[in-house]
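Here Swiss-Prot flags 17, 19, 44, 65, 111 as S-adenosyl-L-methionine binding site, drawing on sequence analysis.
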């Protein structure tokens, strides 16, 4: 157990569970495989379980931390001079500005707090054009939602939006015993890599988001009912989408097809008016 653990009580409001297993830490560093020429950002360095070994391989590491007590402990570490520290909520961080400053894509990693992991990933998708890849420790249940496919209970809006933006892989299963305090859930370490040649295309991702919101608000309803305010049954037939399917049985590509149809339909209506 890290010496600093006794000096800092994990705060529930920040969802803090600190990684302590040395073998797991080594495996994660190996997975990330950092290069000195890259711009790397760690979200939530905590007690520096990943920060310290990363600094041994890098000349500079950017960290974002919201807990002032943890920053105070971090300042006492021998590798602190290698850090560029941002004391703020990662949900407010401007990665676009960092990209313009560094003039290269950004690699982001971290042991994400369970209470903000989903919100943070959605936030990062909005800045995806400046991100090279993301490597995160997540609650296993959240990771399963990210990679889930049609027909599974875990398949939903998060699955569709995540797979639209990224290729996602679970790389490591992590036991609750690897953390302090010990969480009640299992974790996994995952990689999210923005598509180089995306299998999906939409004119407007906000329309895709709106359609999936309507569909999954009533996930047990069939499409012709859950999406009746957006599409007629004739339109669904025209798009070769089975109107008797439930939201959880519709593929990402079909949701993209719906989004593009609605985009064109809306534009045509604007031209008429």
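For all residues, glycine too, the Cβ spot is worked out from N, Cα and C.
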Sorted by position, what residues of the same chain at least six away from residue 19 (S-adenosyl-L-methionine binding site) have a C-beta under 8 A from it?
25, 46, 49, 50, 111, 137, 178, 179
Spatial neighbours, same chain, of residue 65 (S-adenosyl-L-methionine binding site) - Cβ under 8 Å, 6+ residues apart:
44, 45, 46, 71, 74, 85, 86, 87
What number of additional C-beta atoms lies within 10 angstroms of the C-beta atom of residue 44 (S-adenosyl-L-methionine binding site)?
25
Quick check: in three-state DSSP terms, what is residue 19 (S-adenosyl-L-methionine binding site)?
strand
Across all chains shown, how many C-beta atoms besides its own are within 10 angstroms of the C-beta of residue 17 (S-adenosyl-L-methionine binding site)?
23
For residue 44 (S-adenosyl-L-methionine binding site), which DSSP three-state class applies?
coil
Measure between the Cα atoms of every pair in 17, 19, 44, 65, 111, the residues the record assigns to S-adenosyl-L-methionine, and report the largest value in Å, rounded to a whole number.
16
